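Chemist: Okay, here's the structure, questions in a sec.
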Amino acid sequence: MSTSKSSKVRIRNFIGRIFSPSDKDKDRDDEMKPSSSAMDISQPYNTVHRVHVGYDGQKFSGLPQPWMDILLRDISLADQKKDPNAVVTALKFYAQSMKENEKTKFMTTNSVFTNSDDDDVDVQLTGQVTEHLRNLQCSNGSATSPSTSVSASSSSARPLTNGNNHLSTASSTDTSLSLSERNNVPSPAPVPYSESAPQLKTFTGETPKLHPRSPFPPQPPVLPQRSKTASAVATTTTNPTTSNGAPPPVPGSKGPPVPPKPSHLKIASSTVSSGCSSPQQYSSARSVGNSLSNGSVVSTTSSDGDVQLSNKENSNDKSVGDKNGNTTTNKTTVEPPPPEEPPVRVRASHREKLSDSEVLNQLREIVNPSNPLGKYEMKKQIGVGASGTVFVANVAGSTDVVAVKRMAFKTQPKKEMLLTEIKVMKQYRHPNLVNYIESYLVDADDLWVVMDYLEGGNLTDVVVKTELDEGQIAAVLQECLKALHFLHRHSIVHRDIKSDNVLLGMNGEVKLTDMGFCAQIQPGSKRDTVVGTPYWMSPEILNKKQYNYKVDIWSLGIMALEMIDGEPPYLRETPLKAIYLIAQNGKPEIKQRDRLSSEFNNFLDKCLVVDPDQRADTTELLAHPFLKKAKPLSSLIPYIRAVREK
């Protein structure tokens, strides 16, 4: 037995020596190995961390911790269970609002002509919301960075079910990202808005008895900051930005390169989810297929220069009988001619953007070539923003007062859009719009844009501090509808109707301002960009559906509620909760319905229809019986003066 075991051991040792390298071989192999430093593996770069966010029927899971904090703070677990789809809509919408800090909107616009920048996100948030974004950092690094994108099924998709519905979140650790992009964290609740107004000369005439709005009960500081508009023109917007790129080439094609896809069709399709929105982006991601189906696969061989079809053969079969009566088949292969390359279907590209020099040349053709310093005398500064400063100015030789916006043209990020809006404002004039008067370009950089000036300030001050009756509300709505009817007739959608953008003159004039969100659409067509201010926003925009001019009608109805209650619905809620409530409830509650006339209630009902196809238009509303109650505009004068005196 021992002899057998020792024999087996010797055999194993012998076989091991045969198949094992000798020491010399090992030394030789070690010499051929590269140095350890050359084999070092570098650290990963441009990594993307994917997190799947789902809803298990009880709560959302997988959200980065900053988003979980904001979700639990603003929306209770009961509300999350009640309507998880509305929570998803609110998260996606709120995430997009973190795109970039709010910038001055005056004369910085989404072009009302065809422009690839129109599909970016332009939703306003309060200054406090965006200011906190710079100061908050995520403790979990890139994996839970608020640059995480939250994606879910669109509003038209199936309802969420347990375990089967996921959002796709991603965060990038690219070191080239700016701090503002890395630190877009959901912000704390905004602070209450101020009710202060600039002081004007004391009014000494007899003022009729007013109905001041009763003070609000003490509330936690959750109100967004309203803009302080001392005059007509200083308002704000975010400047949209887009990235350009080209679709992948068609496989097997040697044709001309496909031109870049228009940016309003281009997306970052890094996930298979139906959308991909992030705190850095305020636009919905739409899946666009870039590949073309060519039927059969074509392979080429370079040895003989012949082209062969990989899935098709043309052959002639010939049957030949042999001596034994068996039949053999000889296949004679006929080489087909080279296949014709399928034509590449190219989308019609938009016109190329103008260069800065071309914009400057066109601007010189529009502006007044003379020197404005001899015509306008600057009196005081009434507004300042990222794009420029607004002044009140007197016109030399007259008593006219105008608003002058002065901008450093060379530093404007969207020069062509600025040029386009000047062209549009010059073309479309109406008594109920804050109209463009003229413009100047001094030393090829100092751009002056002269506009109407309304000393009465905006409607917000009046509706917050006083209480208008139905006749006065009808008068304001009638003037706004005249302006909207004019814009809609020219296929222009305002997209940001609210009391902040309605300016009042000391003689009772009512004018719409802030054309920064305007967009021109072809008759019958719709848009799907997300723009406006959330509290006044229509459900179809919030749910990122296609929309048309009916969005202005919804916002007008919300502004009517604002004149009744002193604030729009959900203003006391945090932005995320407000978006959730709009998505869940649709039509807001009319708190004082019992106190309103039947005509006013019917007017509100026609404006606040969730289905835009059933919503009234300007023609129908201008003929509505409620507007027959409109008082003369002079009835607004005592209220405007009283507010300006405080």
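In case you wondered, yes, glycine gets a Cβ from its N, Cα and C as well.
These came from Swiss-Prot, pasted as-is:
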ACT_SITE  ASP496  active site, proton acceptor
BINDING   ILE382, GLY383, VAL384, GLY385, ALA386, SER387, GLY388, THR389, VAL390, LYS405  ATP binding site
COMPBIAS  22-33  compositional bias 'Basic and acidic residues'
COMPBIAS  142-157  compositional bias 'Low complexity'
COMPBIAS  167-180  compositional bias 'Low complexity'
COMPBIAS  196-205  compositional bias 'Polar residues'
COMPBIAS  214-223  compositional bias 'Pro residues'
COMPBIAS  229-245  compositional bias 'Low complexity'
COMPBIAS  246-262  compositional bias 'Pro residues'
COMPBIAS  273-307  compositional bias 'Low complexity'
COMPBIAS  323-334  compositional bias 'Low complexity'
DOMAIN    41-54  domain 'CRIB'
DOMAIN    376-627  domain 'Protein kinase'
REGION    19-40  region 'Disordered'
REGION    136-345  region 'Disordered'
Chemist: Least buried of the binding-site residues ILE382, VAL384, VAL390, going by other Cβ atoms within 10 Å?
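Modeler: Each of the binding-site residues ILE382, VAL384, VAL390 was scored by Cβ atoms within 10 Å; lowest is VAL384.
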Chemist: Provide, as an integer number of angstrom, the distance between the C-alpha atoms of VAL390 (ATP binding site) and ASP496 (active site, proton acceptor).
Modeler: 21
Chemist: If you count Cβ atoms within 10 Å of the Cβ of the residue listed as 'active site, proton acceptor', leaving out that atom itself, what do you get?
Modeler: 28
Chemist: Hey, how far is the residue listed as 'active site, proton acceptor' from VAL384 (ATP binding site), Cα to Cα, in Å?
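Modeler: Pair distance, Cα basis, whole Å: 20 Å.
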Chemist: On the 0 to 100 pLDDT scale, where does the domain 'CRIB' (41-54) sit on average?
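Modeler: The predicted confidence over the domain 'CRIB' (41-54), as a mean pLDDT, is 68.
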